[in-house]
Amino acid sequence: MADRSTNGFFYFFLAIVLVSMAAISSDALSTTFYDKACPEALPTIKKVVADAVNREGRMGASLLRLHFHDCFVNGCDGSVLLDSTSTIDGEKTALANNNSIRGFEVVDRIKSEVDRVCGYQVVSCADILAVAARDSVVQLGGQTWNVELGRRDSTTARRTDANNALPAPFMDLPALKTNFENAGLDETDLVALSGGHAIGLSQCTKFKVRIYNDSNIDTSFAANLKPMCPSSGGDTRLSPLDPTPTKFDTQYFRNLVKQRGLLHSDQALFNGVSTDALVRKYSTNAGAFAADFGKSMVKMGRNRPLEGNSGQIRLNCRRIN
């Protein structure tokens, strides 16, 4: 006959299994998904993100970008994190990602800490990206939003799909609208989410053509950029996407109104087009921008997530189980 300690361990283990089954059987995202399965999950993610961003302000933009680049390629499924193998053509080397996306070590640290406090693997890498994106924005002065959770992780990645799905810095407005529509997002989402360029840096190769060839650019702005981004060479040199790259504010939109958007795709939002009015609104109304940005992030996070028994909960975000 089992003693009480054995019975106690059995019922504790059973409870863990039942909670885990309840978590993975959900067929809809929820803001309370981990409240019972692991109430310390979100506070732990927030703590690691805060530490990483405090160490390097640029990391906030990098973590936000990881979630964005994950969701645009076959949905929000953590595929962007997978390393290439003999059977997986990883997205890290796609045109928009190669030598550009970063923050993988921070995600590794989050995953390790979350699994430790939870006691088992219950939080997906895809959900970690969604929460880390929100926490990064908040850490850099932006407003919070309620992140919907319950995604599971993909068991594959496709570099070709990433090449086709991710928006390019050279796109004009019609191409951008089509690109966002393919991800289930409308024109308001396009402008609001482009406001993510309120933080972070861009490589010279992404805006070189603009500062030398575009006509819809402030001449003094272009002139100031040319010494650090010469017409030949210097492709990997970095410039802020707006004057306050570690502060999540509306300076990005104010720059667009002044024809000082760094990327061609940025200025395409304010160029005598249908999105001009929304850019003007955000440039003077920080509250409206913050509200719409949060709504659009939630909407983007609903793009074809793996739920229920689909996919897996990875033990390591860089490889499948």
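Including glycine, each Cβ sits where the backbone N, Cα and C put it.
From a predicted model like this one, the values you see are computed outputs, not experimental measurements.
Database features, via TrEMBL:
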type     : residues                                 : note
SIGNAL   : 1-28                                     : signal peptide
DOMAIN   : 28-321                                   : domain 'Plant heme peroxidase family profile'
DISULFID : CYS38-CYS118                             : disulfide bond
SITE     : ARG65                                    : site 'Transition state stabilizer'
ACT_SITE : HIS69                                    : active site, proton acceptor
BINDING  : ASP70, VAL73, GLY75, ASP77, SER79, GLU91 : Ca(2+) 1 binding site
DISULFID : CYS71-CYS76                              : disulfide bond
DISULFID : CYS125-CYS317                            : disulfide bond
BINDING  : PRO167                                   : substrate binding site
BINDING  : HIS197                                   : heme b binding site
DISULFID : CYS204-CYS229                            : disulfide bond
BINDING  : ASP242, THR244, ASP249                   : Ca(2+) 2 binding site
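Distribution of TrEMBL features across the structure.
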residue: CYS38; record: disulfide bond; CB count, 10 Å: 21
residue: ARG65; record: site 'Transition state stabilizer'; CB count, 10 Å: 23
residue: ASP70; record: Ca(2+) 1 binding site; CB count, 10 Å: 30
residue: CYS71; record: disulfide bond; CB count, 10 Å: 30
residue: GLY75; record: Ca(2+) 1 binding site; CB count, 10 Å: 20
residue: ASP77; record: Ca(2+) 1 binding site; CB count, 10 Å: 28
residue: CYS118; record: disulfide bond; CB count, 10 Å: 19
residue: CYS125; record: disulfide bond; CB count, 10 Å: 29
residue: CYS204; record: disulfide bond; CB count, 10 Å: 18
residue: ASP242; record: Ca(2+) 2 binding site; CB count, 10 Å: 23
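Neighbours of the Ca(2+) 2 site: apart from ASP242, THR244, ASP249, residues of the same chain with C-beta atoms within 8 angstroms of the site's C-beta centroid are ALA198, ILE199, PRO243, PRO245, LYS247, PHE248, THR250, GLN251, TYR252. Counting only the Cα atoms, the space from ASP242 (Ca(2+) 2 binding site) to CYS76 (disulfide bond) is about 27 angstrom. The binding-site residues examined here are GLU91, ASP249; by Cβ neighbour count within 10 Å, the least packed of them is ASP249. For THR244 (Ca(2+) 2 binding site), the nearest of the recorded positions ARG65, CYS76, CYS118, PRO167 in terms of C-alpha separation is ARG65. The recorded positions listed here are VAL73, CYS317; among them, VAL73 has the most other Cβ atoms within 10 Å of its own Cβ.
Under 8 Å, Cβ to Cβ, and six or more positions away along its own chain, CYS76 (disulfide bond) finds HIS67, ASP70, ALA126, LEU129, ALA130, ARG151, MET300, GLY301, ARG302, ASN303, ARG304, PRO305. Neighbours of the Ca(2+) 1 site: apart from ASP70, VAL73, GLY75, ASP77, SER79, GLU91, residues of the same chain with C-beta atoms within 8 angstroms of the site's C-beta centroid are HIS69, CYS71, PHE72, ASN74, CYS76, GLY78, VAL80, ALA126, SER154, ALA157, ALA162.
Across the structure, SER79 (Ca(2+) 1 binding site) and CYS204 (disulfide bond) place their CA atoms 27 angstrom apart. The CA atom of GLY75 (Ca(2+) 1 binding site) is located 26 Å away from the CA atom of CYS118 (disulfide bond). Here the candidates are the recorded positions CYS38, HIS197, CYS204, ASP249, CYS317, and by Cα distance the one nearest VAL73 (Ca(2+) 1 binding site) turns out to be CYS317. For CYS317 (disulfide bond), the nearest neighbour among the binding-site residues ASP77, PRO167, ASP249, judged by Cα separation, is ASP77. Annotation for CYS229 (disulfide bond): same-chain Cβ neighbours under 8 Å, separated by at least 6 residues, are CYS204, PHE207, LYS208, ILE211, ARG237, SER239. In this structure, the binding-site residues SER79, THR244 were compared by how many other Cβ atoms lie within 10 Å of their Cβ, and the smallest count belongs to THR244.
In this structure, the CA atom of CYS71 (disulfide bond) is 24 Å away from the CA atom of CYS38 (disulfide bond).
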